[in-house]
Amino acid sequence: MRLRTLPLALSSILMGSVIAFQTSGFRWSVFLLAALTTTLLQVLSNLANDYGDSVNGADHSGRLGPVRAVQSGVITLSEMKSAMLIFAILSLFSGIGLLFVSLEDPLKFLLFMGMGILAILAAITYTSGSKPYGYAGLGDLAVFLFFGWLGVMGTFYLHTQAFDAMLWLPASAVGLLSTAVLNINNVRDIQSDQAAGKRSIPVRIGKRAATWYHWFLLIAALLLILVFVVMEQAWGGLFFLLATPMILRTGWAMEKFNSPEKLDPYLKVMAGSTFLCVLFFGLGWLIF
């Protein structure tokens with residue numbers, strides 16, 4: 001299930017919840033159910049990615065990175081489809097529970113319900129289905145929207161029933177850092193993706209431009225958090241800078257790698273540093 005992706009999925013929930021806490025709108029029931037729903041969606045996405053890449057030929061014996069369950073024969077395609085169905089249902093029920101404890105307005109309930117169903121469909125159709133959007137190079141946009149804007153601002157709204165325009169800054173930052181994780185994955189898999197017809201951003205623009213793109217994602221994200229800290233005078237939030245060396249390390253790895261497999265460890269580094277960045281930001285702001 002690629003557990004290393006789970007901290008990344010929780011980063012947006014943590015960011016939205018920390019900001020909600022500062023407005024005295026935090027609720028444990030919302031936080032826990034949002035974290036559970038996001039975790040289930042991430043597992044669903046991982047399973048669907050395994051299934052879709054196996055069906056479409058992106059997973060094969062020459063593929064770099066961790067061995068996938070279907071690719072290795074540990075689980076059959078039909079068994080993987082059953083697992084996907086189970087986690088889709090679990091995600092749906094968990095999401096409904098989250099909305100029941102968060103919202104009273106029927107129209108808002110239906111709006112968030114629609115976004116939840118869209119999130120489930122996005123998790124499944126990234127690499128699965130007749131026209132997987134990941135194969136069209138739209139994965140980066142989806143990650144930015146769901147891990148950034150929807151994850152952070154949606155969580156904040158479910159806590160507080162309010163919206164703050166300043167949320168665009170931290171929400172975009174988390175979205176950009178999450179996209180950087182996908183970029184490392186796609187640069188690592190650039191050869192196998194190209195052979196399978198998967199037109200990811202690195203396949204489209206090449207390795208060198210993908211490295212510049214990666215630096216943009218990192219630096220823009222850090223600047224957005226810094227701007228938020230300054231504008232909100234949340235000086236304790238500057239503790240996020242403790243995660244900066246770990247984050248920038250992935251950029252230097254992109255600059256210096258000479259074989260794609262050497263990038264694989266940096267997926268965990270990027271996912272972990274994103275979570276730590278949000279955690280340090282939150283702890284610093286709450287304590288100081």
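Glycine is no exception: its Cβ is also placed from the backbone N, Cα and C atoms.
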Candidate ranges 165-182, 237-254 [criterion: TrEMBL lists as transmembrane segment]: 237-254
For the transmembrane segment (83-103), sequence-distant contacts whose Cβ falls under 8 Å of one of its Cβ atoms, 6 or more beyond its ends: 27, 29-30, 33-34, 36-37, 40-41, 43-44, 47-48, 51, 75, 109, 112-113, 116-117, 119-120, 123-124, 158-159, 161
